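Before any comments, here is the structure.
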Amino acid sequence: MAALSAWFWNERFWLPHNVTWADLADPAPGVEYPKAGHLFSALPLALGIFAVRILFERFIAGPCASFLQIQTELSRRAQPNAVLEKVFTSITKSPDSRHLEGLSKQLDWDVRKVQRWFRHRRNQDKPSTRTKFCESMWRFTFYLYIFTYGIHFLWQSPWMWDTRQCWYNYPYQDFLIMFIHHLATISLISFSYVNNMLRVGSLVMCVHDSSDFLLEAAKLANYAKYQRLCDFLFVVFGILFFWTRLIIYPFWILNTTLFESWDIIGPYPSWWLFNILLLVLQVLHIIWSYLIARIAFKAIMRGKNWFVFSFSHWLEGCSCLSASVLIELFRSFR
């Protein structure tokens, strides 16, 4: 186990040349550097945020939904049937023609009746518009707060205006102000935390926070049936999404992580991994931008205002493992 730990925390992988973990473990008085153990503090913070979310949805988002007359829909429930319920829960929620014919013969039902049962049963599991409104209102509030906090902090930081400041004196950079900000993210941000890439990490998160709250605001307007406001917000979201992901991120963030850092601190093994992950993120930006543009094009061609609904449904419906992992990577690196 000790050998595995020594291999994983190899200094020559994580840190630049001539820097050791001992250098970071014994800083000057009044200075403290990040440690991997600090990440465990994210667990109680996550529980606290979850509790705040429950209270927010119950006492703030819920009354707002009532004020806007967004009620829980009474969807038609499927009649109890043990055979179909077993198929629904353990085999498939959308049976193909072969399954439908078999169930039809087994139950002596018409095939269309079996199809109708599965449709009603699927609708039972869908969250109501009121539930989705409360969830979106929470995400809107949280994303807006995080983005505002990030801008407030970065506005006073020299690396906001000169990205070369991210690499001067690296990795001997204080972490206290950024500690709370970094606890809000997981996975990839843990990487930047462990090897103290806090400055450039804060820029990455700020870029990604800039448009999330607008998407949630557009969804809120959609649920409340304010279609013009919904359309306007989504247009602003789309413009900001393309600008931050396809312009600012590659020409500002990747420029400093690939080229400025090379000039100032030089490459080392974890530097390569860090930049590969950032490049993977850029590939995802291009994919998501293409999907948004395709949905927008279809909406224009059909002449219907279903852009927000379609994109929101696509995000909420990404339940397969690969899509979930990609979205989690995206969320983590914000």
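Here the Cβ of each residue, glycine as well, is placed from N, Cα and C on the backbone.
Just so you know, TrEMBL annotations are computer predictions that nobody has curated.
Feature annotations, courtesy of TrEMBL:
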- 36-56: transmembrane segment (TRANSMEM)
- 74-301: domain 'TLC' (DOMAIN)
- 84-128: domain 'Homeobox' (DOMAIN)
- 86-129: DNA-binding region (DNA_BIND)
- 136-155: transmembrane segment (TRANSMEM)
- 175-194: transmembrane segment (TRANSMEM)
- 232-252: transmembrane segment (TRANSMEM)
- 272-293: transmembrane segment (TRANSMEM)
- 305-327: transmembrane segment (TRANSMEM)
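For the transmembrane segment (136-155), the list of distant contacts is 49, 53, 56-57, 60-61, 64-65, 177-178, 181, 184, 202-203, 205-206, 209-210, 212-213, 216-217, 219-220, 223: same-chain residues at least six beyond its ends, Cβ to Cβ under 8 Å.
On the 0 to 100 pLDDT scale, the domain 'TLC' (74-301) averages 80 in the predicted structure. Residues of the domain 'Homeobox' (84-128) grouped by DSSP class, helix first, strand second and coil last, total 33 helix, 0 strand, 12 coil.
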